[in-house]
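Asker: Here it is: the structure, laid out below.
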Amino acid sequence: RRSQGSQSSKLVPSIMSNMLNPDAIFSNNEMSLSNIEIYGFDYDYTLVFYSKHLHTLIFNAARDLLINEHRVNQKVPPQFQWCYLVSVLFSRGLSVVPDEEVIAMYDGSHVPLEQMSDFYGKSSQGNTMKQFMDIFSLPEMTLLSCVNEYFLKNNIDYEPVHLYKDVKDSIRDVHIKGIMYRAIEADIEKYICYAEQTRAVLAKLADHGKKMFLITNSPSSFVDKGMKFIVGKDWRDLFDVVIVQAEKPNFFNDKRRPFRKVNERGVLLWDKIHKLQKGQIYKQGNLYEFLKLTGWRGSKVLYFGDHIYSDLADLTLKHGWRTGAIIPELRSEIKIMNTEKYIQTMTWLQTLTGLLEHMQVHRDSDSQMILEEWKKERKEMREMNRNFFNAQFGSIFRTDENPTYFLRRLSRFADIYMASLSCLLNYEPDYTFYPRRTPLQHELPGWSDQLCTGTFRIPFLQETFQIK
């Protein structure tokens, strides 16, 4: 038996020799870039990244709309400040709901399929759960929690369904009414994180003869100013097609909406579109017309976006495009995984799990007492592991041993994923991505066989250890 306190010096030698690269690209499916002729991009949180000031902007603007237009309650204090959500899993206001209460509420830990939101993560009925899937969701979750907290603390009676709808509508209006766009355009250096690597990525692809296009839900003037800031005044020369206000995911499914050309002053023209021309900007449209006008079909197209549903799902399921997910949190999580403390904790956690599985056959009182101590220690180690990433809900990719729902969707809808587009600079245009073979449970080596001899091997560390 090894105590928790002695694990650091003896259990994990040379742990820093297998560092993960935060700027790597990870693959769910085999894909060769030599087969990719056309690259497509979303705009927000794909080509451009925003500072945390944007969260505050959206939160405060939506809060004001909620008070002044939706009349949630005139007593709601206007000095609500941006704060990070306590938990995206189960919270009431800013307080975590105890596990026992959650289990009682849902008659167990299982959420029935009919209570899940629809394919795109939207809540289609009053009793369904909303999936928050992108970074733009952070202000909405926080505002919902803060207002809920205020009502609870002040004993204000309210209907949760109405509150959710009003908060959702307020967040939507920040976008639709142009509040967010005007604020960013007025102080672009404050809100946009300048990254010269965005231009480097686009220039590299152009130098190798790749065609490129942009499909975004953002408006024309907003995209133009942002791209001029991060890429340069000649940014349109790099793209063969630019489409704004596309209204994804409807863009991928609705065949009825034609394209409209937008002139230099942002005026919509009446011309019937027979060809998508380089240097022009088009509004709305639909993917079926896009495919007809460009001929860009199938696996020769690779499209990057940050939203699993709105950007990637339809493209891979219905149209056969290759897809790349941009996940900014990936870089910070990998850096945490590279720390000595994390690797030590994970190694000892795996060891404890193996010991419990192997030693549970011993029924004598002394063995059972040790097993209970191990179970307690394992619980503490699992909690410690979650806290490395987020004290409330851990990693966005894993819940203890299991993948999160987000990761399951990511694995299904994205061929490759990375922290930012700049990761492409680390690979040649003919590079082939090979997914690592992930062992199934029945393919894993038996812990018990290794532990019987007191010697075991940590595959990802490529080291052998002796339990003493």
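Every residue, even glycine, has its Cβ placed from backbone N, Cα and C.
According to TrEMBL, the protein carries these features:
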- ASP42, ASP306: Mg(2+) binding site (BINDING)
- ASP42: active site, nucleophile (ACT_SITE)
- ASP44: GMP binding site (BINDING)
- ASP44: active site, proton donor (ACT_SITE)
Asker: CB neighbours of the residue listed as 'GMP binding site' within 10 A?
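Answerer: Other Cβ atoms within 10 Å of the residue listed as 'GMP binding site': 21.
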Asker: With Cβ-Cβ distance below 8 Å and at least 6 positions apart along the chain, what are the contacts of ASP306 (Mg(2+) binding site)? List them in sequence order.
Answerer: ASP42, ASP44, TYR45, THR46, ASP134, ILE135, ALA325, ILE326, ILE327, PRO328
Asker: I'd like the Cβ neighbour count for ASP42 (Mg(2+) binding site), meaning other Cβ atoms within 10 Å of its Cβ, all protein chains included.
Answerer: 24
